[in-house]
Amino acid sequence: MTAILERRESESLWGRFCNWITSTENRLYIGWFGVLMIPTLLTATSVFIIAFIAAPPVDIDGIREPVSGSLLYGNNIISGAIIPTSAAIGLHFYPIWEAASVDEWLYNGGPYELIVLHFLLGVACYMGREWELSFRLGMRPWIAVAYSAPVAAATAVFLIYPIGQGSFSDGMPLGISGTFNFMIVFQAEHNILMHPFHMLGVAGVFGGSLFSAMHGSLVTSSLIRETTENESANEGYRFGQEEETYNIVAAHGYFGRLIFQYASFNNSRSLHFFLAAWPVVGIWFTALGISTMAFNLNGFNFNQSVVDSQGRVINTWADIINRANLGMEVMHERNAHNFPLDLAAIEAPSTNG
C-alpha cells in the first residue's frame, strides 16, 4: 500500500511539472523546447564570457603559432574574439575529456566548439519554443518560420561552412574584428560578392529596412488624431482598443499617388506578410549561398572576359575584384602557406633540360 501511494505521489509530481512547463500563465513561457534551450544557452553564454576575458592564445592554423583573442592577453572589445578550434583538430568532436589536459584543450581552441555547438542547439530550441507557444495559444506558426532565417544563417557560418572546408578553424570567430576577417577571407576565397544568392540576401536586408521605414513612417503620418495639439499623439492609443489607430485608406492614397496606384497595398494582412517574407526569404538565400560556397561552389567569375579584336584583355570591374581577392588571400594565413591556393595550383615548369 505504501508503494502505491508513493507511485501516485511521484506521478502527481511529474504531472505538476509537466503542467508548469507547458503553462501559458507563466511570466516567461518555458515549454519542452525551453527545457533544452535554457541549459544550452546558459552554457554557451557563460563559456563565451569567461573565454572572451581570460582564454589563452589558440593555435588556430595548427602550425604552433597561437593567436591571442581574450582581453587579458592584450585585446580590447573590438579586437577580442573567441578564436576558432585549431586546424589540427579539424572536424573532430573535441570535448574537454578528449584532451590530455585542460591546457591542451584551451591551446587547441576547445571553447569555440563548445560555445558554437551549444549556441546552435540553443537557438534551434528557441525557434521550437516559439512554435510551441504559438501552438498552445492557438496562433499561426509564422513567428518561428521568420526566426528560421537567422538560425539558418548562424548554422551556415558556424557549422555548414566548417564542414564543407574540413575544419572548425574555418568557422567565423566570435568577435567583431574576427567577423570582419571572416568576411574578407570569404570574399577572397569564394568571391561571395558575385554570388547571386548573396545578392538576394543584400536585397532582402536592405529592402526589408527600406520597407520597414516606409511602413512605419506612413503609419505614423496617418494616425487618427485622438489627442490635443499639446499632447503626444502616442497618448491617443490604448492597448487592446478595437478601433483602428491609423487611416490605411489615407496611407494607401498617399503612397499610390507618390509612386503609382498598384505599388500600394490595400490589404493590411498581405502588407504585413510581405514585410515579414521579404527579408526572411533574402536571408534564407544568403544562408543557402554560404552553404553552397562551403563546398566551393563559388560566385561568378568574369575575369578577363572582355577582349579586343587582337585578343588583348580589357580590364573590367571583375578583374579589379579578382586582383583584390588575390591580395586578400596572400595576406591570409601568410605563415601557413607561401602562396595563395589560386597561385599555387599552377603546375611548376619542368627542369629536366
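Each residue, glycine too, has its Cβ placed from N, Cα and C.
Note that the structure is predicted; figures quoted are calculated from it, not measured.
Cβ environment of His118 (chlorophyll a ChlzD1 binding site): Thr40, Leu41, Thr43, Ala44, Val47 lie under 8 Å away, each six or more residues apart in the same chain. Among the features that Swiss-Prot reports, chlorophyll a ChlzD1 binding site is placed at His118.
Here Swiss-Prot flags Tyr126 as pheophytin a binding site. If you draw a 10 Å sphere around the CB of Tyr126 (pheophytin a binding site), it holds 19 other CB atoms from the protein chains shown.
The feature quinone binding site is assigned by Swiss-Prot to His215, Ser264, Phe265. Within the same chain, residues at least 6 positions away in sequence whose Cβ sits under 8 Å from that of Ser264 (quinone binding site) are Ala251, His252, Gly253, Phe255, Gly256.
His272 (Fe cation binding site) counts 12 other C-beta atoms within 10 Å of its own C-beta, drawing on all protein chains shown. Summarising the annotation, Swiss-Prot assigns Fe cation binding site to His215, His272 and lists sequence analysis as the type of evidence.
Mapped onto three states, the DSSP output places Tyr161 (site 'Tyrosine radical intermediate') in helix. Sequence-distant neighbours of Tyr161 (site 'Tyrosine radical intermediate') (same chain, 6+ apart, CB under 8 A from its CB) are Asp170, Gly171, Met172, Ile290, Ser291, Met293, Ala294. The site 'Tyrosine radical intermediate' annotation in Swiss-Prot covers Tyr161 and is backed by sequence analysis.
Long-range C-beta contacts of His190 (site 'Stabilizes free radical intermediate'), restricted to its own chain and to partners at least six residues apart, with a cutoff below 8 Å, comprise Met293, Asn296, Asn298, Gly299. Annotation source Swiss-Prot lists site 'Stabilizes free radical intermediate' at His190, citing sequence analysis.
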Close in space, distant in sequence - His215 (quinone binding site), Cβ under 8 Å, 6 or more apart: Leu271, Leu275
Listed in sequence order, residues not in His215, Ser264, Phe265 with Cβ within 8 Å of the centre of the quinone site Cβ atoms: Met214, Leu218, Ala251, His252, Phe255, Leu271
Cα separation, Tyr126 (pheophytin a binding site) to His272 (Fe cation binding site) (Å, whole number): 23
